[in-house]
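Q: Mind having a look at this structure? Questions to follow.
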Amino acid sequence: MQYIKMVICGDGAVGKTSLLIAFASGEFPRDYQPTVFDNFSTLYMFQNKAYNLGLFDTAGQEDFDRLRPLGYNDTDLFLICYSVINPPSYANVYDKWYSEIKLYTGSEIPLILVGTQNDLRHDKATRETLALKQQAPISYEEGMMMRKRIGAKAFTECSVVSGKNVKQVFEEAIKVYQDRQIEISKSKEKNNCIIL
């Protein structure tokens with residue numbers, strides 16, 4: 001069985017833990033509990049193959065900036081999350097999370113961009129609250145622009161409350177992992193030489 005280590009990053013309260021719990025257990029957690037560091041392991045069948053997904057949840061709060069990168073070792077891919085109703089979390093995708101990952105991994109670990117809470121994008125009360133701060137929800141097109149900016153291999157929006165695209169986030173991640181393994185194999189084959 002193939003093991004895949006996925007680390008989920010993003011600002012606090014954007015729904016990272018809720019996304020992991022909803023995927024692993026099918027339940028929506030109602031209470032917000034700030035995460036320091038947690039991990040889940042779940043078995044998942046995808047395209048008739050079993051995967052052991054190591055899902056590593058990280059703290060988004062600034063207090064854990066020095067602790068968080070310790071969990072980045074041996075990561076197969078990163079999911080960077082922002083909330084579509086939290087514009088600062090979107091800005092931090094590049095300013096904080098992309099920069100931190102590149103600084104501490106220094107490698108070509110694939111990135112998946114995830115826009116959370118998209119069920120609230122058209123919610124009247126949410127839009128009014130954002131308007132009071134002279135802000136608006138992040139559009140899908142803005143998400144696509146950020147995907148290009150950080151070189152993410154995939155971009156998905158989801159809603160844990162409605163369940164929309166929760167599985168798709170992780171299926172996209174598995175596809176990206178599969179593609180990366182093929183690239184690595186081809187690269188190794190290319191670099192093999194035979195001396196006669």
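For all residues, glycine too, the Cβ spot is worked out from N, Cα and C.
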Q: Name the residue range among 32-40, 86-94, 140-148, 149-157 that Swiss-Prot annotates as motif 'Effector region'.
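A: Checked against Swiss-Prot: motif 'Effector region' maps to 32-40.
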Q: Let me check the 10 A CB neighbour count of Gly10 (GTP binding site). How many other CB atoms are there?
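A: There are 27 such Cβ atoms around Gly10 (GTP binding site).
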Q: Within 10 Å of the Cβ of Thr58 (GTP binding site), how many other Cβ atoms are there?
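A: Looking across every protein chain shown, the total is 25.
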Q: Return the count of C-beta atoms lying within 10 angstroms of the C-beta of Asn118 (GTP binding site), excluding that atom itself.
A: 23
